[in-house]
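S.K.: From TrEMBL, for reference:
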- A:59-247: domain 'ABC transmembrane type-1' (DOMAIN)
- A:15-35: transmembrane segment (TRANSMEM)
- A:63-90: transmembrane segment (TRANSMEM)
- A:97-123: transmembrane segment (TRANSMEM)
- A:129-145: transmembrane segment (TRANSMEM)
- A:175-202: transmembrane segment (TRANSMEM)
- A:222-246: transmembrane segment (TRANSMEM)
Amino acid sequence: MNNTHSLAGRLRQTWPALALFGAVMLLWEFSVDWFDVPSFLLPPPSVIFLEMAENWQMLLKNLWATMLAAILGFALGTAVAIALAILFLYSRTAERALFPWAITIKTIPVLAIAPLLTIWLGYGIAPKVAIAALICFFPTLVNAVKGFRTIDSQTVEFFRIAGASKAQLFRHARLYAALPYIFAAAKISASMSVIGAIVAEFTGANSGIGTLIVTAGYQMDATMLFAAIVASSIATIALFYVVVLIERFSLYWPEARIDA
Amino acid sequence: MRFGAGKTAVHALDEIDLNVRPGEFVSIVGRSGCGKSTLLRCITNLLPPTSGDISVMGMSPGEYQKDKRFGFVFQDAALLPWKTAAENIQLAMQLSRHAPQAKRQQRVRDLLDLVRLSNFGNKYPAQLSGGMRQRVSIARALSYEPEILMMDEPFGALDEFTRREMHDELIRIHAERPHTVLFVTHSLSEALYLSDRIVVLAARPGRVKSIISVENPRPKGGIAHADTGYLRQLAELEELLHE
């Protein structure tokens, strides 16, 4: 029987991953000790954990600066992409005019455009949001454009026969048809948005995980680097699962989810 | 009738001369590509023909569609996966602005009774069998009470047993709520079992080859498959199509 939602079922599914994780942590902890690896090269997990516990307020403050920018950028990029996809749906001319621009924006390396955006938008949250939005924009645009058009010709014909307007066709059919595609893209861009925000922080920002990483890098502080990586990873995974949760709630009908 | 414009014009249908009486069950048979489905789409104004003249109850298809609406049952049921069976039926009434909102719930229940799916109203299409989905689709087409029902190979994707079951269901529904039915199929036995008249189309360009009146349409008891008259007419139809 299907018991993937019970605690025992969950455990049966996840124990190999948990066991391997534990084994790797133990191996790491003890091999650093056995082989006398200096702590400034590779600190053991226990030291990283202690560092995080000691500096949790500072880490949390920087993490929040990064995550806020990432979430805002994610929301902005996704919203603009969906709006453009809807425009493309009703205007082939707009699609032909604007799609090459979207592809061009996609081809610019984020690392190259980040310093430019910092010059234009300053050292605050704005350039981070912009970069995160830019990264999220393209996958969502491509998926949403496809999603809005996946309803089959017989469904379109049914709406016409029933005397429905274009708006009704959108509201009752196209929107739902696009949701699985939009969520497939959102799951990818949720984690990408955090990377975008961190990259933007590399080129200069007042606070954030990226700033922390740059500073720790100059100081050759491997422990702080690991602490920053672990903190941002945990937050990114959390953001991903928030999106998954919203997806579960939104795609309520059977066989709605497309796996990506 | 012609379609398209300029060089890409496809001569799909030619000299279709057909008069259908109200309440009649007419099947349109022919090989793939003979324009059976195209004909249904012309009559319902989904595809405007470039020449020719279609009159539905004295109106042009466009006028009729605005005024009365056709019922249409598609090959793949074409239900919305995100709506339950009941919601799919209700949506058709909402879109066609048929019946006041308060009465729609009751009508949905009546229609689900009619197609014998009273207990499946809250199921999503993915939770229903192919035959059940097609029944919901029939209920949806009937929901706004059209006088004319178009069926485009509605049982084409079903297995033989479900198909026969659906034939008897359709005969029962047609007896309970008489409609004019135009039924497109490539199954001769299906056409013979269900119809008053059968229109045989020839392909490229689609034209009427022959119109056959069924001798003993829809006999009670469902023994038609063994009837001698039925078998003789089936043989005739086979010959016509293979000429």
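Note that the numbers count up from 1, one per residue, in the order the chain is shown.
Any Cβ shown, glycine's included, is placed from N, Cα and C.
The model shown is predicted, which means the values in this text are computed figures rather than measured ones.
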S.K.: In terms of Cβ proximity under 8 Å, which residues at least six beyond the ends of the transmembrane segment (A:222-246) contact it?
M.R.: 39-43, 47-48, 51-52, 55, 59-60, 62-63, 66-67, 70-71, 74, 183, 186-187, 190-191, 193-194, 198, 209, 212-213, 216
S.K.: Residue list, the transmembrane segment (A:63-90) vs rest of chain: Cβ under 8 Å, 6 or more residues beyond ends.
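M.R.: Hits for the transmembrane segment (A:63-90): 98-99, 102, 125, 128-138, 140-141, 144-145, 147-149, 166, 170, 174, 178, 182, 185-186, 189-190, 193-194, 196-198, 200-201, 205-210, 231-232, 235, 239.
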S.K.: Given a Cβ distance threshold of under 8 angstroms, which distant residues of the chain, six or more beyond its ends, lie next to the transmembrane segment (A:175-202)?
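M.R.: The answer is 66-67, 69-71, 73-74, 77-78, 81-82, 85, 110-111, 114, 117-118, 127-136, 139-140, 142-144, 146-148, 150-151, 208-211, 213-214, 232, 235-236, 239-240, 242-244, 246-247, 250-251, 253, 256-260.
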